[in-house]
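Here the structure comes first, spelled out in structure tokens, and everything after it is commentary.
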Amino acid sequence: MARFALVLHAHLPYVRAHGMWPFGEETLYEAMAETYLPLIRVLERLRAEGVEAPFTLGITPILAEQLADARIKEGFWAYAKDRLERAQGDYQRYRGTALEASARHQVAFWELTLDHFQRLSGDLVAAFRKAEEGGQVELITSNATHGYSPLLGYDEALWAQIKTGVSTYRRHFAKDPTGFWLPEMAYRPKGPWKPPVEGPPEGVRPGVDELLMRAGIRYTFVDAHLVQGGEPLSPYGEAALGPVESQEATYHVHELESGLRVLARNPETTLQVWSADYGYPGEGLYREFHRKDPLSGLHHWRVTHRKADLAEKAPYDPEAAFAKTEEHARHFVGLLERLAGRHPEGVILSPYDAELFGHWWYEGVAWLEAVLRLLAQNPKVRPVTAREAVQGPAVRTALPEGSWGRGGDHRVWLNEKTLDYWEKVYRAEGAMREAARRGVLPEGVLRQAMRELLLLEASDWPFLMETGQAEAYARERYEEHARAFFHLLKGASPEELRALEERDNPFPEADPRLYLFREA
């Protein structure tokens with residue numbers, strides 16, 4: 001029987017103590033309210049009803065650190081209370097109008113959010129850990145701060161990202177991970193490497209897979225074009241493609257020379273959900289993400305149609321929208337059945353950014369729940385975790401370099417806009433290697449410098465600069481972490497060190513000795 005491996009990738013960059021709105025902590029609070037808590041509620045309902053449809057959830061280390069942070073928990077509680085008050089105000093304003101149903105829905109949603117968060121004692125990480133212990137999900141890890149693996153300038157820098165990600169996972173989930181989400185599905189094989197800007201030396205470098213295997217990781221995921229050739233898919237919101245026929249290679253389990261096993265993203269199921277023109281989120285009944293109430297900032301309108309201007313958006317009808325998710329779930333499972341019929345021994349890998357569901361596509365979590373319920377009783381397709389999917393026979397494969405970004409290469413993260421970013425990253429990585437080797441700086445200073453370097457390396461900063469979504473914020477953030485890093489190496493005062501330790505506090509186990517990788 002064909003196996004279906006759903007993989008959700010949950011990630012947000014480090015925003016704790018770095019602004020509130022529109023690009024700071026509120027972006028995390030939105031994802032907590034609209035994606036992570038609703039997903040936990042789905043898992044709680046399925047567990048209570050004995051519905052078995054396992055899937056894989058990647059929680060990046062930097063996201064797990066923030067979800068577990070006391071400041072973030074307190075901030076989220078205040079945020080959700082504020083949103084409830086706004087919703088109540090909207091309900092009073094819109095009673096007797098076409099927006100009343102949406103306003104009533106908003107009040108109920110925020111009441112449920114506060115009640116659920118309180119019931120969990122604010123511990124979302126523990127809720128996901130409980131779901132894994134119950135066999136509902138498989139939790140996997142990633143690079144510590146979502147560093148872009150192929151472009152990090154030194155093997156030691158990539159090793160520190162991987163190993164810190166593994167140890168952070170171990171602390172939160174009390175076990176060692178075997179699965180790994182490659183940030184941006186970006187991979188580089190073993191071979192000659194030349195830095196895109198001045199800094200690191202040229203030379204032959206180990207493949208990303210070799211370092212993953214050394215860290216105890218046994219499988220990961222790549223985009224379809226890395227195993228089948230051809231054009232890469234566009235990211236969500238850009239694709240205007242119709243159905244694409246997968247080549248046979250995407251249904252195989254692949255094994256690299258290092259022993260790492262790899263699954264490839266399935267194009268058909270990807271486009272059905274991600275495509276802006278072809279996918280489910282463009283349904284006219286679903287809630288419009290971009291139009292917000294001018295007073296409350298809440299959403300009360302629907303997509304209406306894909307080409308509608310914001311002023312043309314019609315009032316949102318929650319009942320009709322959530323009913324539509326059932327229809328779309330049946331359609332998706334029908335697609336899986338057709339693919340399974342053509343590839344009865346294959347693996348259908350469907351990886352998505354978790355935040356697409358609930359945040360960008362408000363009804364998306366309800367759609368996921370409907371899909372899981374249908375799959376639990378489906379005789380043609382078996383839902384499995386990625387760990388189960390990679391078992392058994394595999395095809396020996398050599399992968400090219402690439403990513404799931406636009407063009408299938410590194411252009412989103414490496415371009416004219418981001419050259420200064422990479423120059424600062426490489427300079428800091430080289431300085432960190434040297435400082436770790438010399439061993440002169442106090443342990444606390446070196447440890448905090450490592451945190452600042454990890455935060456500097458986050459792939460979010462070049463991504464946001466390239467897309468223009470938050471270019472000024474991204475530039476401010478990477479420059480801030482670079483300044484902090486070099487100030488620490490030059491000699492920060494005890495007061496300055498304490499201030500940085502309070503502001504940038506992830507990874508208590510940060511180990512500067514990881515930058516001695518070659519001697520290890």
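These residue numbers are counts, starting from 1, taken along the chain as shown.
Placement of Cβ uses the backbone N, Cα and C atoms for every residue, glycine included.
Database features, via Swiss-Prot:
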{"type": "ACT_SITE", "residues": "Glu184", "note": "active site, nucleophile"}
{"type": "SITE", "residues": "Tyr236", "note": "site 'Transition state stabilizer'"}
{"type": "BINDING", "residues": "Arg265, Gly282, Trp404, Asp460, Gln469", "note": "substrate binding site"}
{"type": "ACT_SITE", "residues": "Asp353", "note": "active site, proton donor"}
Can you give me the same-chain residues 6 or more apart in sequence from Glu184 (active site, nucleophile) with a CB-CB distance under 8 Å?
Tyr148, Ser403, Trp404, Gly405, Val412, Trp413, Ser459, Phe463
To the nearest whole angstrom, state the Cα distance for the pair Asp460 (substrate binding site) and Asp353 (active site, proton donor).
14
Of all the binding-site residues here, Gly282, Asp460, which one's CB has the most other CB atoms within 10 A?
Asp460
For the residue listed as 'active site, proton donor', the one of Arg265, Gly282, Gln469 that lies nearest, given that the binding-site residues are compared by Cα
Arg265
Among Arg265, Gly282, Trp404, Asp460, Gln469, the record's substrate binders - longest CA distance, Å:
26
So if I draw a 10 Å sphere around the Cβ of Trp404 (substrate binding site), how many other Cβ atoms end up inside it?
24
Hey, what's the Cβ neighbour count for Gln469 (substrate binding site) at 10 Å?
12
When DSSP states are folded down to helix, strand and coil, where does Trp404 (substrate binding site) land?
coil
DSSP-derived class (H/G/I helix, E/B strand, else coil) of Arg265 (substrate binding site):
strand
